[in-house]
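What TrEMBL records for this protein:
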type	residues	note
TRANSMEM	A:12-30	transmembrane segment
DOMAIN	A:97-530	domain 'AMP-dependent synthetase/ligase'
REGION	A:527-549	region 'Disordered'
């Protein structure tokens, strides 16, 4: 047969040709557009042009640049801690179980401050106060009052440090809770100090059977507020932003303890960095509610709380942040921990600052519920969502969410499941393989960050819209097994935060000059990095001042993102 | 109208339609095993190499001299013990440039006295120029040049005596 006999066309051909052309256009052009252009993800840090031998170059966030200045405060008016409570924003919002406006908060802070001076006999810049409180409005009030009166406060990341701190850094007064009072009195007697102690107690003390009190004065918190409210308050002098307002004690992995001195500027810089975690199109606003899994006794936890205060959002913390627990209370993790915030009066959470165990628990529960409802639909939804992520796109409003995932989320997170709009994870190792299922399950930006007890604010934070999925690479030879595991399996934590610069020391120069990724001990510097108590004299040169060793090892990838092997974690 | 699915053209079109429908309903969701080095080849990509970073090194007049830009090498020059990488200024300091004399040498005296003559340079095997006979204005001029170089080029090393290494 001739060729023309093969190419017989009829009306059906026309129809089929049109359909085929339509499908071709649909398949090739209707691709989702990446949320952030991949060219930006190839250069996330700005790198210095010169490096010293055995050290890496200095890395900064690309948006700050090597020549840029670090943001020191969220906006030009915030110099000291109390400025973070904006006096002219008078919309009420819930902090834990208290609905309060900013002017009311400031008034209460002034009352507490006046009460502390009168009843507890504290003097500015001479006394220090130990805060042994669980996270709550009283902690914030005490912190703000002490900071505004230039009285340094001490906080502990865990109660095991109590005896050490009481011995080495005896405070003039202690603020604690009623259920811890008896144990605290035992500790104080053990130390056998002959000084007078003042203990301010939050909660009901009438029902406690207190031992004989010789040189200890017990002041109820409510008396403090009442006393402060009843007197004329003189205007206090504004503290210097570089003045230390708190010392936060934490345990080091080697078993000792370390304290970090934080100034007002460290905290305002930390708030500026935490605000920068969210992209400008999706910034934190007064309509949000922030849930934090970090205790206010740690610098990062405090920064998150003050970011919430500054932005006027609702705020609550999960139960695992409690410093003082009942003896029989189990320590909660994962979903059970997240659900404890339902006890507070905050509206449903929108931004979660959580740990990897919370994220894992959430994503596995949601995916399990989705599989249970319909296996076929779940498979299809998973394929489509994963295909979108591989193109760099994720959304919570797609067809597959409506069909499959929304109901799963409601079953896991309750009625407010649709409100979660961002999750920021830090505080533990997060595996790279766990990140993509979490992104599919939640369909919101999941930001992998890294925090450290010395730094107010995050140290590293990944780009909010970064959805890159790297396959698990072959393990490069490295001296320690912990390093090999971390650098192969953990997810990258992104570039340094907007006001932190990082460098690695102890490098193998020959390997790095040959093109290998730099691996070394991590040092950080910046306005949000506090000063450790054990820091020695600062060197004279500008280049060498201010670098703090974090005690962790890190590796840099060619696109400027870091991977950190967790060392001394909060 | 005649419908004949058996004709080759119709069959081919029908097969293509089935293929396209299958790709739309079941998209490919496999994570690629190798990571591309260009952003055009994929959303998940990694640049091939780190941004270039110079290692801060200690040079002597003898080890500095080869870096005069010939054969595509870097161009370095030193002022008052500070070595600058001026490869970006190949037009000036490269082999055919106006100031080619300074490439790979200690240019302190020339910068101070504003001269590019050979007589401003000390031979490589001699000790470094002590610059004792310069007037204060010449020292100021040299410091001004050092500031200009610090902002325009990269400080990548220091210059010490031949036997100090």
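The backbone N, Cα and C atoms fix where each Cβ goes, and this holds for glycine too.
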Q. Taking the domain 'AMP-dependent synthetase/ligase' (A:97-530) alone, what is its mean pLDDT?
A. 89
**Q.** Within-chain partners of the transmembrane segment (A:12-30) [C-beta distance under 8 Å, separation at least 6 from its ends]
**A.** none
Q) What does DSSP give as the helix, strand and coil breakdown of the region 'Disordered' (A:527-549)? A) 0 helix, 5 strand, 18 coil
